[in-house]
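Notes to accompany the following structure.
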Amino acid sequence: MQEVHQTPMMKQYFSIKADYPDAFLFYRLGDFYELFFEDAQIVAKELELTLTSKNGKQAEHPIPMCGVPHHSAAIYIEQLIEKGFNVAICEQTEDPKATKGLVKREVIQVITPGTYMASLSEKENRYLVAISDVAGRFGIARGDVTTGESWLTTLSSEEAVLREIEGLLPNEVIVEDERLADLLRQTGIPLSIQVDKRESTLAQGAKDEAQRSAFELLFAYLTKTQKRSLDHLQPAVAYEVEQHMQLDANTARNLELFRSARSGERKGSLLSLLDETTTAMGGRLLKRWLEQPLYTEQGIRERQDAVENLVDDFMLRDQLQEELKRVYDIERLVAKVGYGTANARDLVQLRDTLERMPSVRSLLQTVKADRLQQIEQNLDSFETLSEQLRAALVDSPPISTKEGGMIRHGYSDELDELLEAKANGKSWIANLEQQERIATGIKSLKVGYNRVFGYYLEVTKANAKLLEEGRYERKQTLTNAERYITPELKEKEALILGAEEKSCTLEYDLFVALREEVKTYTKPLQQLARSLSELDVLLALAVVAEKREYVRPVTTSHVQIERGRHPVIETVLPRGEYVANDLTLDDTRQMLLITGPNMSGKSTYMRQFALIAILHQIGSFVPAEAAELPLFDRIFTRIGAADDLVSGQSTFMVEMTETRQAVTEATSNSLILLDEIGRGTSTYDGMALAQAIVEYIASSIGAKTLFSTHYHELTVLEDSIPSLENVHVRAIERDGRVVFLHEVHPGRADKSYGIHVAELAELPDSLIDRARTILSELESEATKPALNEQSAPPQVEEVSQLSLFESNDAVREQLLKLDLLAMNPIEAMQALYELQQTAKKG
């Protein structure tokens, strides 16, 4: 920062700024927030503001400066927060009119991406995550300051931490050191480094020291930045990753759980399909259920019972949803009360919500499902609080809490007297206007008011000469009018303004006292919010089940899906046009090798199964005529091809990295979906890798797997791997054109119909004709090498190798030295890569 002549104000600025080097300091000067030096230069550029100079551009050391009006600062602050910056709000803590010299100032709040309370997406959480490394175990504390919720878990590796953060996509992450910061910078999420911690009884639910340390880091950060009561924070809830089906960011993206892959929007995702919730807090809970499907049969069954109860009783379902449509976001209303930012409209929304509770509870009297009965028991009507809010607040109060108009007549005798005095004074002034018009004969005479001159009598210049000398005292001359006052008018003005100021002050004091009273109900109101959120989600799942004709799945040890459907794709097709398919997997049939033409629906079939499995484990009904499913601990997917441009990884490297995750972390209780593995490299490399991966999964993991491939040669593996079965997606030729039937049948596909797909894409006719000629020549030559049919799982002692390199002795020598039985698929990939490089040099 440049050297400048330090006035008392600038000394104050430097002193405050030194404590907040990582935030833009919004320094209050009168009606503006001003920024100086580098803060001003960056903010002016980011927000396209005019950059000026505090001491004039001609000064020897001009001070860069920009500013925003305090009444519209929220707009600018939001833009900076969304860009990942922090903002420190520095307010005047003394009345400038009552202070001689420099006004005291202090930072009242630091707003960060993870603590921003305003302009929130209703159905999205705003997560702030703290990570603490305790002896190689990583505690994760995830909090949402806008609702007061927080969760704790422990992870065992940096890779697991990175996956967790990529899956959560929090708004901000706090770490203790540069090592973790370096690990997480690749995510692009705003990071803060902090070493201070603060103990809290809210961390009593922590399962280990790593979780406790992470929460204390989170709590210290909130205390330091928010500088206010955090009474709305709820006790942290610890969970084990193993309690839920694990879905990493890659799987969520491939299955389009939360965003459409095509548009990046919520529309077109599974979440969008399921979201029939009517409250914001229900929408947030639904997303969390989808992020963490259950891995306990009892929890799933309890939810299914509740959904079934609501599916069977459509009148109850409809009536409950109608009631919930009039329920506001209690979680965030309570948070605003705890923060001290709730206004009268917020409390009216809370009151209106509480007044719906007797009806909701009455409707739930007849339910049979245990979860619904528990919800009914947790619904307190808060009659005392509701009546107090009804008595205190008008139905449509203003947003501002300092300009009156909030408190209902009859709540405070003192306030009523002040308001009556103000009303009487204004009535006197209204009468004065009529009286003076008659007395002067000037019909255009009027009484006006502004904040500078107060009340005045205004007469046009043309009529001013009609006034008696000395009748009024001239106060202000305008271009076309004269403004006057009288002693009596000023006396009434003092009475009116005095009553108005006192009434506004009293209203504010009454409102603050009321808000503090509401704060004492924080914990039971948060329990009410949790119950209503769960009811809302269960209703939403019931609505979808009834509307889409879903069935209740049965939890078993095997997979048996009859006429299953893709939940999202079927909704964009005309009713009845989606082609449903069966799927069976059990202990003897654990893997399906899927072949079929491009565009025939192989990937859709795979995604369909995964989505049905997820729906089962969130407690939902599923799109099928019947379904029996096991509990999956995790779903791994490699579907689609995409380069990772940020880290410089090719399509093939991304493919292998994701495959490595599956083959090294999957268990026999996992579900693996691998689509067209090996297409990112040469034909023989890809084919060899695909076969090795299939064999490894079958022999070493035993996970239920769907493996689609364009290598038709792999279908011979059915003969040597007992747990593998071939299926194909059927297509037929009709009048020289391919017709995709989207039906999955046993056995292998005999053709890929690639040229037909090219025709559908409307490639030039000459190109298509040439492709047919080349294909005919290749097929007649029959030069395609076949996979060795003796390839087998581990019980086979020797595996013959393909003769891929006929003329390169060096490559052949390296190839013969490879011990394939001791290699995993990733090691095989590396070996093949080295062989390929050697062959290129030869």
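Including glycine, each Cβ sits where the backbone N, Cα and C put it.
Lifted from Swiss-Prot, the feature list:
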- Gly596, Pro597, Asn598, Met599, Ser600, Gly601, Lys602, Ser603: ATP binding site (BINDING)
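Listed in chain order, the residues near the ATP site other than Gly596, Pro597, Asn598, Met599, Ser600, Gly601, Lys602, Ser603 are Val729, Ala731, Phe740, each with its Cβ within 8 Å of the site Cβ centroid. Local packing around the Cβ, expressed as the count of other Cβ atoms within 10 angstroms, is greatest for Gly596 among the binding-site residues Gly596, Pro597, Gly601. Within 10 Å of the C-beta of Ser603 (ATP binding site) we count 19 further C-beta atoms, all protein chains included.
Other Cβ atoms within 10 Å of the Cβ of Met599 (ATP binding site), summed over all protein chains shown, number 19.
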